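As recorded in Swiss-Prot:
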BINDING   LYS239  ATP binding site
MOTIF     8-18  motif ''HIGH' region'
MOTIF     236-240  motif ''KMSKS' region'
Amino acid sequence: MIVTRFAPSPTGNLHIGGLRTALFSYLYARKTGGKFLLRIEDTDLARNSHDATKAIIEAFDWVGLSYDGEAIYQSERFPLYKEYIDRLIQEGKAYYCYMSKEELDALREEQRSRGETPRYDNRYRDFTGTPPSGVAPVVRIKAPLEGYIEFEDGVKGEMKIGAKEMDDYIIARSDGTPTYNFVVSIDDALMGVTDVIRGDDHLTNTPKQIIVYQALGFPIPKFYHVPMILNPEGRKLSKRDGAMGVMDYKRAGYLPEAVLNFLVRLGWSHGDQEIFSMEEMLRFFDPKDLNSSASAYNQEKFLWLNHHYITQTPNERLEELLLEFGCQPLSLGVREILYPALKERAKTLAELAQMLQEIVQTPSELDTKMLEKVGNSENGEILENYALFLESLESAGENPKILEEETQAFLDIHGLKSGKLFQSVRLALLGKGGGPGIFEIMAAIGKEESMARIQKASEIFKNRN
C-alpha cells in the first residue's frame with residue numbers, strides 16, 4: 001500500500017510550494033487507495049507558532065485535502081527518538097562526540113586553508129578513553145567510510161553520493177534534543193511511509209536520512225524531489241511576484257479549486273490540458289510524470305483559472321462565499337440577474353464583491369474624468385427625460401430584456417444614439433465608467449432607486465454649465 005505524508009514546520013505561514021507537495025502526495029495516495037498522513041515538525045520549540053500550526057490545518061480544510069488519522073506532532077515524540085538514539089549508541093552505530101565548538105571551528109578553518117571542504121574528522125568515532133570534563137557531548141551517527149550511498153529518485157533519476165562526501169553528522173544536540181534528519185527518518189519509518197514527495201531543496205538531506213534507515217534496518221522509501229517554483233525571471237519566488245501564504249489567497253478571493261488546479265500544473269502535466277477537476281487530477285496523476293525542470297509562477301494564469309472557476313460556481317454558493325467579503329444576501333430574482341453578469345467580469349471574489357457593493361450602494365460622488373467627458377447640460381436634460389420615461393413604465397420591473405427594449409424605443413423617439421445615453425446612465429448608476437450592463441444594474445436595484453440616481457446625476461450635469 002502506498003503511504004505518503006506532508007510534514008510542514010509551523011514556523012510561519014503555509015506557502016504554495018508546501019501546498020503543492022502536499023497535493024502531489026495526496027493525489028498519489030488517494031489514486032492508489034493508500035494513505036495520506038500529516039506530520040507537524042515542531043521540534044524547533046523556540047520558533048514554533050501555534051497560529052502557524054492552526055493555519056496549516058485550516059489551509060488543508062479550505063482546499064479539501066483530507067489526511068488519514070490524527071496529525072502527528074514531533075514535539076510529543078522526544079522520548080521515542082531518545083530510545084532510538086540510545087539503541088544506535090548501544091549497537092556501536094552512533095557515539096558521543098566531545099569536540100567543543102571552538103575545536104570544531106578551528107578544524108574547519110584549517111581545512112579551508114588547505115582548500116578542503118570543511119567536515120568533521122571522526123576523532124571521537126572510535127574513542128575509548130576518558131571523556132574530557134565539562135563538555136556536554138553531542139551524538140553523531142557513523143556514516144559509511146567507503147563506497148556510495150545510492151538511491152533512485154523518481155524525478156532526478158539515479159543518485160550516487162560518495163562516502164567521502166559524508167561525515168558523521170549530529171543526530172542529538174548537547175542538550176539531548178534530536179536533529180531534523182534523524183527525527184524525519186524515524187517518523188517516516190514508523191509511520192510506514194513508502195513514498196516521499198518533497199521539494200528538491202531536501203535533496204541533500206536524503207543521503208543523511210538513508211544512513212539512519214540503514215543503521216536501524218528500516219526500509220528506504222521511494223523519493224521524488226520536485227524542483228522549486230520560481231518567479232517568471234527564473235529566480236526564487238517571493239511576495240513581489242504575487243506569491244502569498246495559502247490562507248492569504250482565500251482572503252484575496254481565490255477559490256480552492258483554482259488554487260489546486262494552478263498548483264498541480266506547476267511541475268506536472270497531462271498533455272495540453274489546463275483545467276483539472278479533483279476527479280481528473282486523481283484519474284490522471286502519476287508521480288513518474290513530475291517534471292524535472294523548475295516551473296514558473298504565472299500570476300495572470302492564476303487569475304485566469306480563478307476567473308474560470310468563479311464563472312462555474314453556482315450562484316447560491318457564490319453568495320455564501322461573498323458573505324465573508326461583507327456582502328449582504330440578495331433576493332433570488334436580483335441574484336439571478338446580477339451574478340451571471342458579474343461573474344464574467346471578476347477575476348477574484350474580492351473584485352466581485354467590490355462590483356456588487358458599487359451596484360447596491362448609491363454612489364457618493366461621480367468620477368471626475370467621466371464627469372468632464374459627459375457632464376453637461378445637454379446630457380443632463382437627456383437623463384431627466386430618461387428618468388421620466390422610466391417612471392412611466394409599468395412592465396419593466398426587474399427584467400433587463402424589457403428595460404432594454406423599452407429604452408430602445410426611448411432612443412428612437414428622441415433620435416439618440418445608445419452610446420450618448422448609456423455613458424451618462426452608467427455614470428449616474430455607479431458613479432464611474434465600466435461595470436456590467438446598465439439594464440442588469442437597473443433591474444437589480446429597482447425602478448425607484450434607478451430613477452433617484454439618474455435624477456441626481458441630471459441635476460449635477462445641469463449645474464455644471
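Along the chain as shown, the residues are counted starting at 1.
The backbone N, Cα and C atoms fix where each Cβ goes, and this holds for glycine too.
When secondary structure is read from DSSP and collapsed to three states, LYS239 (ATP binding site) falls in the helix class. All protein chains included, the residue listed as 'ATP binding site' registers 10 other Cβ atoms within 10 Å of its own Cβ. Note on the motif ''KMSKS' region' (236-240): its mean pLDDT in the predicted model is 80. Under DSSP, residues within the motif ''HIGH' region' (8-18) fall into helix, strand and coil as 3 helix, 1 strand, 7 coil.
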